[in-house]
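Feature annotations, reproduced from TrEMBL:
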- 39-48: compositional bias 'Basic and acidic residues' (COMPBIAS)
- 129-696: domain 'Major facilitator superfamily (MFS) profile' (DOMAIN)
- 1-88: region 'Disordered' (REGION)
- 127-150: transmembrane segment (TRANSMEM)
- 170-188: transmembrane segment (TRANSMEM)
- 195-212: transmembrane segment (TRANSMEM)
- 218-242: transmembrane segment (TRANSMEM)
- 254-276: transmembrane segment (TRANSMEM)
- 296-315: transmembrane segment (TRANSMEM)
- 409-429: transmembrane segment (TRANSMEM)
- 554-577: transmembrane segment (TRANSMEM)
- 584-604: transmembrane segment (TRANSMEM)
- 610-631: transmembrane segment (TRANSMEM)
- 643-666: transmembrane segment (TRANSMEM)
- 672-692: transmembrane segment (TRANSMEM)
């Protein structure tokens, strides 16, 4: 009786298929008593969205419970609809009317889908997907740290100048920014799984390739494209996973997923610590091709991405996305798979998936179908690509319409201020530690004045020394290293340099007479205002040479390792409290606490103090990152979710580029500007976040 209404047709037993109810935890869809399809009052866009699930009859009237019985052919439905009262065709209807109808359908679907996910339960399927997507998120965390770890070795291996080093550090963020916007937008049109596979494949291919290339320009290009790939994965991962979670589980489990970013940082730090210092872990091919240990490290860092890519092949597309584009049957089969997987894991394989019909929104996009005989192949592909990117651009503009404009702008400010302060400080911390180390190193410098050495052979390392007004006659410098050595106003007469390697070594205002330099890297730029009289340079060393005694790098690896590990308590707390105190309070509270932590940096005058404050800051700020990921997913509808996340994450990476550039420029000059800038940004962003709408009680639209 609950399904009888005034829409019943005379002489038939048809009901409006939009009606559905959810009672006592089970979804009940309408099915005629005799089990035969009678042709209901379905709208045109739902023609291919009908299915009987719980019971069906064959010619011998045998019952198959729980079997999917298929849907009536769309042509059969069209023929029956033609016989009914004439309706206005969609092409003659106003687009606003179509959009209003679609929005109404989406609201009905959102509530029904929530009930379906609750019926499917949370179990083995979600945990499997959790680890697969976690590996993709781990790859993103690794990518952020890779370049910072390889720079000290790569700059010597590829003869990088200071400007080149800075560009290599920023190029990954630039690629991530472009990839987040582009691939995030495509995920709302092509599908979560397909675009995530494309994203991870791009990252894995170019990360692998970058470990073998020798030239700086090609290496820079490979890291740019690699960053583009992994940047696109972040928006897709959160949109993808959220669409398999119920309202009660969403905040908590998205926060647990964020832990894989921390695991990626720990993995990168541990691998750098264990691989890069072992310079023998490589090989050479002639004098031109060198594969040093830092390249092995780059190769190892691509493993999480490759593992996620392989595992993702066995996971299904998001059923929520499929319903948005009208693919009812595919979505139903995936939801049944989720239900059956979880029920078998719980020891209840007899439980039947009771859903027979799922609402699909009205399709209003204009799709262009091109016949194979039309034009050339590249013209057909050009039309398809142009149409797809136009739809992506429309989605971008939709995020700035009146309905979402304020939320998008406020979220943009919060994402940007968070990224500016966080990424700026995590680069500033290691740079400040290096600066403190250099100050301590320079304080131990040995100064030699007016020394006179003649007929002596130097075959050992000279380090951290200044020689002033010295005289060196008939001396030999053979098979040795100069590290941080300066000769000022000195005389070299009839000396012989052979097989000499130098690092940060210079000759200033020196006079060099009848001296031979054979197989050395003492190039012209290392002689500043010097007079070279009858001196000869023979067979200069080619390329750059690794410094085999770098001790400072170990501390940098340790700092990054501890910084990544310190977010573990914040991750646990945010996961447990996300659904209890809400997303807004989590963001505002975390950012304000992080701002307070910044002020303690004024007291960081030693390496241990800087490491301690870095751990405190990272641990306090991680809760804001987790809550930002969750609220961004929940504020936007399914067909705009990955696009909006991609835009905001792209803006985040732009903030990271600015933060890296600004904060690094003040190292060794002042601590006041970076600290005040970071704390001000965090306070402003945190207060603005409190004005965002709370989303923990709403279903995914």
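Every residue gets a Cβ built from N, Cα and C, even glycine.
Predicted automatically and left uncurated, TrEMBL annotations should be read as such.
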Remote residues contacting the transmembrane segment (643-666) - C-beta distance under 8 A, at least 6 residues beyond either end: 166, 169-170, 173-174, 176-178, 180-185, 187-188, 231-232, 234-235, 238-239, 392, 395-396, 398-399, 404, 408, 411-412, 415-425, 427-428, 431, 632-633, 635-636, 673-674, 677-678
Cβ-Cβ under 8 Å with the transmembrane segment (170-188): same-chain residues at least 6 beyond its ends: 143-144, 146-147, 195-196, 198-199, 202, 220, 223-236, 239, 321, 388, 392-393, 395-396, 423, 638-643, 645-647, 649-654, 656-657, 660-661
Spatial neighbours of the transmembrane segment (195-212) far in sequence, C-beta under 8 Å, 6+ residues away: 136, 139, 143, 146, 179, 183, 186-187, 219, 222-223, 225-230, 232-233, 236-237, 240, 291, 295-296, 298-299, 301-302, 305-306, 308-309, 312-313, 642
Sequence-remote partners of the transmembrane segment (218-242) [C-beta within less than 8 Å, at least six residues beyond its ends]: 129-130, 133, 136-137, 139-140, 143, 147, 154, 158, 167-168, 171-180, 182-184, 187, 192-193, 195-196, 198-207, 209-210, 250, 253-254, 257, 305, 318, 629, 632-634, 641-642, 645-646, 649-650, 653, 700
For the transmembrane segment (127-150), sequence-distant contacts whose Cβ falls under 8 Å of one of its Cβ atoms, 6 or more beyond its ends: 168-169, 171-172, 176, 196, 200, 203, 207, 223, 226-227, 230-231, 233-234, 237, 240-241, 244, 253, 256-265, 267-269, 272, 276, 294, 297-298, 301-302, 304-305, 307-308, 311-312, 315, 427, 430, 556-557, 560, 564
Contact set, same chain, for the transmembrane segment (296-315): CB under 8 Å, 6 or more residues outside the stretch: 128-129, 131-133, 135-136, 138-139, 142-143, 146, 149-150, 193, 196-197, 200-201, 203-204, 207-208, 210-211, 230, 264, 267-268, 271-272, 275-276, 281-282
Cβ-Cβ under 8 Å with the transmembrane segment (409-429): same-chain residues at least 6 beyond its ends: 148, 169, 173, 559, 563, 587, 591, 594, 598, 610-611, 614, 617-618, 621, 624-625, 628, 631-632, 635, 647-649, 651-656, 658-660, 662-664, 666-667, 674, 677-679, 681-682, 684-685, 688-689, 691-692
Cβ-Cβ under 8 Å with the transmembrane segment (672-692): same-chain residues at least 6 beyond its ends: 407, 410-411, 413-414, 416-418, 420-421, 424-425, 428, 583-585, 587-592, 594-596, 598-599, 601-602, 621, 624, 631, 635, 662-663, 666
Rounded mean pLDDT for the residues that make up the domain 'Major facilitator superfamily (MFS) profile' (129-696): 83
